[in-house]
Ligand SMILES: C[S@@+](CC[C@H](N)C(=O)[O-])C[C@H]1O[C@@H](n2cnc3c(N)ncnc32)[C@H](O)[C@@H]1O
């Protein structure tokens, strides 16, 4: 029973995150986060496997559960339902849809309750299969085997290397003796040295990194290439004081630290990392510590737009703003996004379903983009700030180019003297830039639209060797 109880907590956590529009990261991340939050003892891999399958089948499971009337039958204990709907859903999943078609627990009242409804549940499953014209519900699931990163990116963390980066390189060369000249040539056992971000390497996703000593000692950090772009573009030096406005889990924060402190142990706070979610802030704390930067980075738990007062942080010169976004560029979210699309009802008519999904997405993007605009604008109001990198792992223009346009048109942002840094200062050799048509809609004269599109960086998911991404740099004199 303990396993199903733990799985119920995880399921409820994921559903709560999803319904509040706060889903940050993949389902895997959600499972790990909820295990931490509830101090869950069950094996996260087993929980993920159940949740993954349950999540994929959820619209069909919901239909079977509804038609079977099982929820109406839940007995009451002290006036409250004796069994949780979430746990029943998981048990029914295992009974009808798992490989073994068995509920994996010993004798328990909730198991007896579900088994009492077995015949009804099975006949609803048969009815649904006939309605959907399939012999197995798995035929209705979308293929998400593509929803994986093509490259595992790792960067050397100089702060933990104490001036001996060369030794780490040596160890990496021993582990991966063959160097390839393009990330697309990576096969197990080979390594690629990135041409855009220093000290960044690509290896095959099947090569185990997390069990390696370098990783355990914080000397290497797993971080997607595109996610390394913001700190590389900001390029802070020892004189800078930086705010990371949306910091957890801390990849960009620790990368900023690598620039500011390089291979010296930090001895004073030069980075302020804000994180609104207390649970994610715990992960941030851990990552900062593991990277050896805890003396140089102060974590502030709370909303940056409220805690981060310009008059308090008047010495801050640079910003990383990487707020919550739709996450449409990242891997491992496909089933979350598919579920978002299909949660209204079962696909009666494809077109109707597409319309509902389009409207849902538009509403979600409208909410996200107004938050993204506000948080960047707040950061731009800091008196000594000279440079700010805004980024998302979204592929939608609403969260990317259109935020840049709205900020450039904002009277306060103009008054504060901000402009967009040109391509020459934003990884000029990177081939994929912002969407020109978005800027042309607004900036119709001369070459301004082209310059603005060129100033932005876009990374296409998979095609460019990792997650989908967007980055732009604002600067002023
Ligand atoms: C995309 S994630 C950041 C990833 C991080 N930059 C990294 O590279 O590891 C966005 C984070 O911002 C946090 N967040 C959202 N709104 C915030 C706010 N107003 N103030 C502080 N943190 C916020 C979310 O909880 C989430 O952890």
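Cβ coordinates are placed from backbone N, Cα and C, and glycine is handled just like the others.
Some features that TrEMBL has for this protein:
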DOMAIN    142-477  domain 'SAM-dependent MTase RsmB/NOP-type'
BINDING   246, 247, 248, 249, 250, 251, 252, 275, 303, 322  S-adenosyl-L-methionine binding site
ACT_SITE  393  active site, nucleophile
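Shown are the binding-site residues 246, 248, 250, 252, 303; of these, the residue with the fewest other Cβ atoms within 10 Å is 303.
Averaged across the domain 'SAM-dependent MTase RsmB/NOP-type' (142-477), the predicted model reaches a pLDDT of 92.
Taking a C-beta cut-off of under 8 angstroms and a sequence separation of 6 or more, residue 393 (active site, nucleophile) has the following same-chain neighbours: 226, 227, 325, 327, 328, 329, 330, 467, 468, 469, 470.
Counted over all residue pairs in 246, 247, 248, 249, 250, 251, 252, 275, 303, 322, the record's binders of S-adenosyl-L-methionine, the longest Cα to Cα distance measures 19 angstrom.
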